[in-house]
Every structure is written in structure tokens, then in C-alpha cells.
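S.K.: In case it helps, TrEMBL gives these features for our protein:
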TRANSMEM  27-49  transmembrane segment
DOMAIN    70-309  domain 'Sulfotransferase'
ACT_SITE  79  active site, for sulfotransferase activity
BINDING   79, 80, 81, 82, 83, 162, 170, 272, 288, 289, 290, 291, 292  3'-phosphoadenylyl sulfate binding site
DISULFID  273-283  disulfide bond
Ligand SMILES: Nc1ncnc2c1ncn2[C@@H]1O[C@H](COP(=O)(O)OS(=O)(=O)O)[C@@H](OP(=O)(O)O)[C@H]1O
């Protein structure tokens, strides 16, 4: 065999070996295995490992995240600071919160979708995290406590209340803005809240009715013992959120992981904002913390009179007093 023949034989062997391992079908199989392996790795990473989850700063990586039914619900009251409370709790590493108001128990259509639907509205969480959702209409809808009880009789309940006069004004202001959006006429608060014939407070006016805390509380207490319902002082939450959030952490049985330094007063907003993973100061949207219109003093006094007995009943029911009926305290802060 001369040099030329040897070269030719080597070359043809190489081509044969190569053609055995590089057929299009084999190349496709290798490529397929590679893609499947990559997808597998990604799925494992996102669903099983804390490495990929921005909420896990605890260096514990192998945990299963999934959507879970809430361990705790914020039931209201409407315009009492429910969004602020949820926003603060969201900062806690052991808590996940639903982004939107779910309205599962108060909306018949949603309720008919069942618990599976409700669970799907919840955020992903680690097994040792609490899931919380807030829908302020839960407090006042009479069917809700029984429905919540049927789902989970040991669920933790947070209720936030605020001076009923201010809550009523805030409630009507919210309705005004909604009306404006729909191109409707906006009437002064005094005109809406007073009965035009008698000049007295219209006790059936919705924003007034929703401030009868005792009426709704009685309904909740038919199903849940008082120690299962923690009451947050909404006025204190505005003035100084840290102590109120600290008490909520204790009630929920989670560590005290939101430091006082996370609450930053924002002079432009006129409210506290909170430090988060992604923001130096997360403030609530413009629909929270609106400046209230000036309301005639006589109307404020009439409202106070209407709420006085309801407030006393509420204090007795919850075994806790708030400043609303305390004349000295109320006049001190100009309410
Ligand atoms: N940090 C912070 N920033 C802004 N607003 C705050 C805050 N803390 C409590 N509040 C008070 O929350 C009131 C709105 O209450 P809700 O979030 O429960 O309203 S809603 O029912 O969900 O529409 C809202 O009512 P208005 O002041 O009448 O707008 C606020 O007074």
C-alpha cells in the first residue's frame, strides 16, 4: 500500500465513523435530550428551589412553593386601612399576600366557583409561610362569617377599625370618585347624609350603615371566638404603624421581622410608606389617603351622636376601647 492508499483508507474510516455517529436522526435525539434536560432543570429550579424565589432570603433552598388557601383574612372594615395593613404585612418574610381583593365569600358568582378557584387566586408560598388576603366587604356581608367558618373554622381573622365618622366620610369620598369616573353628579356630603325632611342623619345611608361596627361584629362572633379575631386600630396605624403591625405579628404567631426602621414617613404623601425588597419607600396609591372635604361641624356632631351607642356596644363586644367616644381625646385631635 503506498502513501496515497493509506491516506485514503484513514479518511474513509473516519468518514464511516462520523457518518455512524452524526446521522440527522441521532443529532436530533441528542438535541432533544439536551432540551428536555434544560427544561427539567428550569422547572426544578422554579418550583422546588428557594434559589429562584425572590422572597427567600433565608438560605433554605429546597422547598415546595404552591398556592394555598389563606391562613388569615383581613375582613374590613372598608376605608379603615385594610390596604395599608396588607402592604405592611407583605414585607414580612413569612407572609405572602394576595395582590387583589378576591371577594370570594361576599360575591355569589365567585363563591360558586368553589375553593379550588379561591386557592388559584392566592400567591405562591413556601410551606411555612402564611397566606393572607383582604376583602373589606367581608365584614359587613351577613352570609360571610358562616361561609368562612365552613371553609376553615380555625382561620385567623384581622379586623381593622377606624373612627366611624372619618370612615363614613372616606367611604362617601370613595363613592364620589367612582361616580365622577362614571360621569355622575357629585353632591356635598351634608346633602347626602342628612334626611332632607327631618334634617337628621339618614340612618340607612350606606356609608353610615357600614360604620355600625357592633352590628357586624355580633354576626362574626356567632361563628368565631373573640380570640380568633384581632382588632387593629386604624387611626393608630395611620399615626404610627409599627406598634400595630408588631401586635399583628404576635397574633399571627410569626417572628417580629418588620423593624420600625422599615416604616418611613413620607411628608409629601402625608402617610407612612414602607421599605420593600424592590423599593426604598413603597407608598399607597393616590386613592388611599385622600384629603377629606371640610364637613360642617353640626353634621359631624350628629354623626357622633348616631355612632355613640353603636361604638359603646362594639367596645363591649370586643373588650377593647377606642378613642372615638372619648370627648377629650377626640377634641384634642380635632375630630
Ligand atoms: N400608609 C397609608 N397610606 C395611605 N392611606 C393609609 C395609610 N395608612 C392608613 N391609610 C388609610 O387607609 C384608608 C383606606 O382604607 P382601605 O385601604 O381599607 O380602603 S378600601 O376599603 O380598600 O378602599 C385611607 O383613607 P382616606 O384617608 O380616607 O383615603 C387612609 O386614611
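Using N, Cα and C of the backbone, Cβ positions are placed for all residues, glycine too.
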S.K.: Given residue 170 (3'-phosphoadenylyl sulfate binding site) and residue 79 (active site, for sulfotransferase activity), what distance in Å do their CA atoms have, once rounded to a whole number?
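M.R.: Computed Cα spacing between residue 170 (3'-phosphoadenylyl sulfate binding site) and residue 79 (active site, for sulfotransferase activity) is 6 Å.
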S.K.: I'd like the Cβ neighbour count for residue 290 (3'-phosphoadenylyl sulfate binding site), meaning other Cβ atoms within 10 Å of its Cβ, all protein chains included.
M.R.: 13
S.K.: Taking each of the recorded positions 79, 83, 288, 292 in turn and counting other Cβ atoms within 10 Å of its Cβ, which one has the fewest?
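M.R.: Output over recorded positions 79, 83, 288, 292: least Cβ neighbours within 10 Å is 292.
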S.K.: Work through the recorded positions one by one (79, 273, 283) and name whichever has its CA nearest to the CA of residue 290 (3'-phosphoadenylyl sulfate binding site).
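M.R.: Closest candidate to residue 290 (3'-phosphoadenylyl sulfate binding site), judged by Cα separation, is 79.
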S.K.: Which ones in the same chain are close to residue 81 (3'-phosphoadenylyl sulfate binding site), with CB under 8 Å and 6+ residues apart in sequence?
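M.R.: In sequence order, 160, 162, 232, 234, 237, 238 meet the Cβ cut-off.
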S.K.: Show which residues of the chain containing residue 273 (disulfide bond), separated from it by at least 6 in sequence, have their CB under 8 Å from its CB.
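M.R.: Sequence-distant Cβ neighbours: 263, 264, 265, 266, 281, 282, 283, 284.
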S.K.: Going by DSSP, is residue 170 (3'-phosphoadenylyl sulfate binding site) sitting in a helix, a strand, or coil?
M.R.: helix
S.K.: In terms of DSSP three-state secondary structure, what is the assignment for residue 288 (3'-phosphoadenylyl sulfate binding site)?
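M.R.: Its secondary structure by DSSP: coil.
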